[in-house]
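Trainee: One structure follows; several queries about it will come next.
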Amino acid sequence: MLGGTAVVMTVDAYGPISDNAGGISEMSGLGPEVRAITDELDAVGNTTAAIGKGFAIGSATLTVIALFSAFNLEVNHTRIAAGLPEMSLQLTNPNVIVGLLLGSILPFLVGASTMLAVGRAAGAIVEEIGRQFREIPGLMELKADPDPKKIVDIATKSALQEMVFPGIIAVAAPPLVGYLLGPGALAGLLAGSLVVGATMALYMANAGGAWDNAKKFIEKGKLPGHAKGSAVHKAAVVGDMVGDPFKDTSGPGVAILIKVMSVVSLLVASLIALR
């Protein structure tokens, strides 16, 4: 679980650094030539971020496979010690099929909830910014300072509150499925979430970065006949708005989901093995 940490952190660090450099250059009033350079670095950062997330998702997938094997061994050991046959993972077992279906649903549920969470938090921040412009005298004329602490407070509280639902799913789903349907269904849940979650997380990481870079590609004038402000550029901006939470929130969130579910399943394996 920790073997790829150094590589992932090193590759992932490039993107935020280049992105922040662009924001600092814009807020500092530096010339467009500086912003052009930081945009190039930001585009590269999106690519390195996708690569880094690929390492992280691959590491999570291998971890889940190892934990699944440990879960299988623990359940069978407990059942044999109690004089029961080993757990059946045959696809003719209806509980396994139900577990597979439930496991394939959970990554979509968590991905959707995190996407909606980002939208709600962004809406609250935009509303607060509008309130400050309306209520702080001289802010529109740059004669007064805004209140950035309030913005950070909203973002932090939203991040914590909106992660309650995905966290409950990741922790509560394995013991519930195992208790109600037995260890075979829980094994199916893990297998379904692994296959769907790993591919979904990779798709989100790569697609989000591609949509973000597509907007930058158009803004640099590399798509003849479609300058900044055109219909194609507006569509690319929408793609960027979807791509950012895709690659930065939902993709990593799904990878974490399958890993947490596997750990929780291993912890409760001996408790639900006899059901």
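Each position is counted from 1, following the chain as shown.
Even glycines carry a Cβ here, placed using N, Cα and C.
Okay, these came from Swiss-Prot:
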| type | residues | note |
| --- | --- | --- |
| SITE | Ala49 | site 'Determinant of potassium dependence' |
| TRANSMEM | 51-71 | transmembrane segment |
| TRANSMEM | 96-116 | transmembrane segment |
| TRANSMEM | 163-182 | transmembrane segment |
| TRANSMEM | 189-211 | transmembrane segment |
| TRANSMEM | 254-274 | transmembrane segment |
Trainee: Can you tell me which of 51-71, 163-182, 254-274 gets the most C-beta pairs within less than 8 Å of the transmembrane segment (96-116)?
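Mentor: Between the stretches 51-71, 163-182, 254-274, 163-182 has the largest tally.
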Trainee: With every protein chain in view, what's the tally of Cβ atoms within 10 Å of the Cβ of Ala49 (site 'Determinant of potassium dependence'), excluding that atom itself?
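Mentor: For Ala49 (site 'Determinant of potassium dependence'), the count of other Cβ atoms within 10 Å is 24.
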